[in-house]
Amino acid sequence: MAGLAPEGSQFDARQYDAKMTELLGTEQEEFFTSYDEVYDSFDAMGLQENLLRGIYAYGFEKPSAIQQRGIVPFCKGLDVIQQAQSGTGKTATFCSGVLQQLDYSLVECQALVLAPTRELAQQIEKVMRALGDYLGVKVHACVGGTSVREDQRILQSGVHVVVGTPGRVFDMLRRQSLRPDHIKMFVLDEADEMLSRGFKDQIYDIFQLLPPKIQVGVFSATMPPEALEITRKFMNQPVRILVKRDDVTLEGIKQFYVNVDKEEWKLETLCDLYETLAITQSVIFVNTRRKVDWLTDKMRSRDHTVSATHGDMDQNTRDIIMREFRSGSSRVLITTDLLARGIDVQQVSLVINYD
């Protein structure tokens, strides 16, 4: 459990950073963890029966590597740092830990989860609700672009878990619509992305409004200095789990690398792929919003039907585009990596990292 600690008193960030550097440079180890217990099945984790029902109903059969190591320490109330790439099962890890610890007879917010984007927050809400379907969990997403009054109404009626973006969550706390008195779990998902988007001050402001003894989970693809600073200030002897990037591969997914000597040849190669392969739906990742617009125009000029979404678009437009893509009426989506962290579309058969 963590309170706001004096800098450097709770967590040796330099030791952690040095160990990560050492691990990333070796081929002998796949994981660095300060928690030795590994559970090969969900049944062995001591989870509530109705939580297990939700996990299996959602489609999970066997825990991923990070779930084998990360669910139980979170369920025990320990502070946890988990560093791994998207797609490794981090979301289900902290959702399971939260759902295991809730007091369902108390309809008050007991867990607060922050995410960098509206799309990701809504995706987490969906997973939390699905895994907790047999537990009767009440979850609400507090995100920008939605009605403040509706947020206030739902929060005042009572929820167990709030998932949201830092700006809207802080606003709800400031308005006293979100009462922090019973919050015992605080999760930062995609912490590196939140910090890169300038949410550091809001995260600190939110933490100051929470009870002094609170469990903290930090989940991130990378651990930049700003994220390590958060671990020092907020966390108490956290369990640390790092999965090497090279070891993050998902079963059933084939990965290919196309060596293109010149930047201008990428477009030709991309169009060749779409003319050669039978693709159900696909997502193309690019690094910038400007690149989204450029690639969309280029592909449309070559008679490819594509949709595009990025952070400069208004929220209603983004919602419409995502609904069309999920329904299958749009087959190709061009987007930035950050927005893509909230995308979950079962029919996608091809993912292209353009940059």
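Placed from the backbone N, Cα and C atoms, the Cβ positions cover glycine too.
Range annotated as motif 'Q motif' by Swiss-Prot, chosen from 40-68, 214-242, 243-271, 272-300: 40-68.
Checked against Swiss-Prot, the range among 9-12, 189-192, 197-200 recorded as motif 'DEAD box' is 189-192.
Within the group of binding-site residues (G87, G89), the Cβ with the highest number of other Cβ atoms inside 10 Å belongs to G89. Long-range contacts of the motif 'Q motif' (40-68) within the same chain, counting only residues at least 6 positions beyond its ends with a Cβ under 8 Å from a Cβ of the stretch, are 30-31, 75, 82, 84, 88-90, 92-93, 96, 99-100, 127, 130-135, 241, 243, 247.
Across the motif 'DEAD box' (189-192), the DSSP tally of helix, strand and coil residues reads 2 helix, 1 strand, 1 coil. The Cβ of Q85 (ATP binding site) has 17 other Cβ atoms within 10 Å, all protein chains considered. Mean per-residue pLDDT, taken over the motif 'Q motif' (40-68), amounts to 93.
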